[in-house]
Amino acid sequence: MQFSIFTVLAAAASFAVALPVCDATTTATTTSAAANPSPTTSGAANPSPTCGKLGDFHKTTVKAGQTLTTIAERFHSGICDIAWQNKLENPNVIFVGQVLLVPVNVCNPDNTSCLVPVGEATCVTGGPATYTIKSGDTFFAVAQSLGITTDSLTGANPGVVPENLQIDQVINVPVC
């Protein structure tokens with residue numbers, strides 16, 4: 001019988017079990033330094049561990065300009081680790097003032113499994129010609145949900161400032 005790591009982690013969390021993931025002498029194994037940067041130490045005599053244990057979290061409040069990427073880097077976590085822990089539907093959408101529980105010092109940060117591929121199409125085939133903005137929407141998130149590029153959505157909406165979207169605002173969708 002096989003279980004995913006999330007099943008094991010959820011079971012451990014429900015029983016308040018702290019499973020060691022790595023110890024201070026263990027180094028994270030990565031396949032690509034660019035995809036999974038490993039934490040670095042300052043060269044101090046007693047460097048901090050490169051990995052924490054299950055249950056090591058930091059509560060943080062999202063500030064203006066922060067993304068899951070910047071938060072993950074700050075706490076040596078992964079974008080998808082944070083998204084999973086906080087049950088985020090879209091890791092590209094977080095809000096100023098939102099409180100997140102961040103797993104810290106993760107041995108093998110997951111920065112890819114929860115990401116939806118960015119659309120490459122320039123128009124939606126047979127789709128609706130308009131879209132009504134909802135709370136949390138950004139041009140990036142709307143374009144991603146439609147499977148089109150942000151540039152094509154921006155091009156279909158001259159005069160609309162993407163940073164100033166309002167709830168219930170109607171924008172154009174490029175239709176093929």
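Cβ atoms are placed via backbone N, Cα and C, with glycine included.
Pulled from Swiss-Prot:
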type	residues	note
SIGNAL	1-18	signal peptide
COMPBIAS	31-45	compositional bias 'Low complexity'
REGION	31-50	region 'Disordered'
DOMAIN	58-102	domain 'LysM 1'
CARBOHYD	Asn111	N-linked glycosylation site
DOMAIN	129-173	domain 'LysM 2'
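Confidence annotation: the domain 'LysM 1' (58-102) carries a mean pLDDT of 91 in the model. Counting residues per DSSP class in helix, strand and coil order gives 14 helix, 8 strand, 23 coil for the domain 'LysM 1' (58-102).
For the domain 'LysM 2' (129-173), the residues of the chain that approach it from at least six positions outside its boundaries are 90, 92-93, 95, 116, 118-123, judged by C-beta separation under 8 angstroms. Counting residue by residue with DSSP, the domain 'LysM 2' (129-173) contains 17 helix, 7 strand, 21 coil.
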